[in-house]
Amino acid sequence: MNTPLAPTLDVSSTPRTPLSRLVGVEIRKAIDTRAGFWFASSIVGLVLVVLLIYTLAAPDAAKNFGDMLQVAGGVLGYFLPILIIMLVTGEQSQRNGLVTFTLEPQRSRVVAAKFLAGIALAATVMVLAFLIALVFTAVAAATGATPEWSVEGSLLFNGFVLANLIGIFVGFAIAMLLMNTPAGIVAYFVYSLILPIAAGILSALSSGFEKIAPWIEFNTAQTPLFTGDYQPSGEEWAQLVVTGTLWLVVPLVLGTLRLLRIEFK
Amino acid sequence: MITVDRLTKTYGAFTAVDDVSFVCQPGRVTGFLGPNGAGKTTTMRVMVGLTLPTRGEVTIGGLRYHDIPNPGRHVGTLLDASAQHVGRTGREILAIAAQTMGLPKTRVDEMLALVGLNDDEAGRRLRNYSLGMKQRLGIAHALLGDPSVLILDEPANGLDPAGIRWMRGLLKGYADRGGTVLLSSHLLHEVEQVADEMILIGRGRIVARGDRESLLAGANGTPVTLVTSLDNTALGAALTHAGHAVEPVGPGLRVQASPEQVGRTALGAGVVLTDLRSGGAGLEDLFLELTSADAREAVAGLAAPTTGGLPA
């Protein structure tokens, strides 16, 4: 062919990649490696094992569906965020970003796709955990206990859905800020395990700190969501907003800004 | 086509790319040559939007890369064949890209066949790939979206000689069908046989450009010829007598004259030639000289003769 092509690129036949397709790709990337697949499977497996042990060991009076859900939610709370962290930091740790952001240079769309993919994966795992909790409540009923099947709506939403969503948001923010898989996972466990313990110890030692802890430590501020009547008071809501801004909104904004600017090598 | 317009990229006090302008035409293979760290990769990264320029800009077919919808369908990129998740299989890596671009799954198999990765190899995880296999996969990845522009950073790196020949044929055919190809290398011989035009870069600046002949002509008024004959002594004497600089190289002579001049001298001296070649060594010398540590001085002194270089 000797006729020189027009110097302008004809892009009329290639519409922008739809966000739904990007989300599909990100879900695929989260579970198409051995690490990703087995991690996602292990979360479900772990819920299964922990609930099995709980069903065998717990007193009959504590085998209500609500109890089962809380145990399952606890397991998910520790591990779902790690799935998200791996999904985000893989772009840097595995140097995948070079290709990802060449095929979709609008980075904010990739961030949105990853976020939606994380939510979709989390929702799937939650539904599975919900079903597993149902099964073990049935097992408890069949083995002599008389479990309460009904579950309070606010427990289901706060303790199971909202708690896990917050965890996923925090994991997402940490991942974008650190862009390194091991560092992200360690940072998440420091946040979710060590910080509340430290806050608890300091609160026990000093009544002054006990008063300010819910204003500066996110996990402490979340406690009213999962205990008592699951209805935070006005002050408790204010504490949630303050700590949520500090531990969730600010890292999320900074992390997103970093991901949009970082030079993927 | 790719248009690089007065591109500058600095990192702090370090200037990686310094006021670089060039154009890659459709239907041609453009070779981007320079030693390691000369600014080739940075320039290519700016082309696909992975690095933001400090000054200047790059457009592809008149558009900035960010403004090309579904860019993988227009611009095929291979920047680093190892920059993939090592836990994915070759086939899965292509499948993800095909899904992102909205291509049918059959395209993945077509590309695997094109670059010569068989089913067994395609099913292996990337961590078990040799560098050559990664490179083939990277080329498949770049060609996946049937783009009209190819940007390949060191694509021959790690390929065996047969692989390099295969890639040359592939790129030549691609350009002959009207595609724009930019490929970089730090090895002259990888590029000179396939590139219609070469851009030499050293320390972030373009030090020379043109096709093989014009580069040689521009660098050195006297072309270089390699000649071997049945009587090198007699031929050498005749050539010296004719005013051409001669030095022994291997089994023959290296002469600062055109092959035609050498042939005529041999005819006059009655010496039988067994080998007569235009001196590739001239280009190699030029490349080394232009891209050496003091490349910037060499730009101004393009006319300086390239004597005393090592034989190729």
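Cβ from N, Cα, C; glycine included.
For A:37-57, A:69-88, A:115-143, A:155-178, A:185-205, A:237-260, the entry in TrEMBL reads transmembrane segment.
Of the recorded ranges A:37-57, A:69-88, A:115-143, A:185-205, A:237-260, the transmembrane segment (A:155-178) has the largest number of C-beta contacts under 8 angstroms with A:69-88. By the Cβ criterion (distance under 8 Å, sequence gap of 6 or more), the transmembrane segment (A:115-143) is counted as touching the transmembrane segment (A:37-57), at least 3 such pairs being found. Listed as Cβ neighbours of the transmembrane segment (A:185-205) (distance under 8 Å, sequence separation of 6 or more from its ends, same chain) are residues 77-78, 81-82, 85, 167, 170-171, 174, 178, 213, 217-220, 247.
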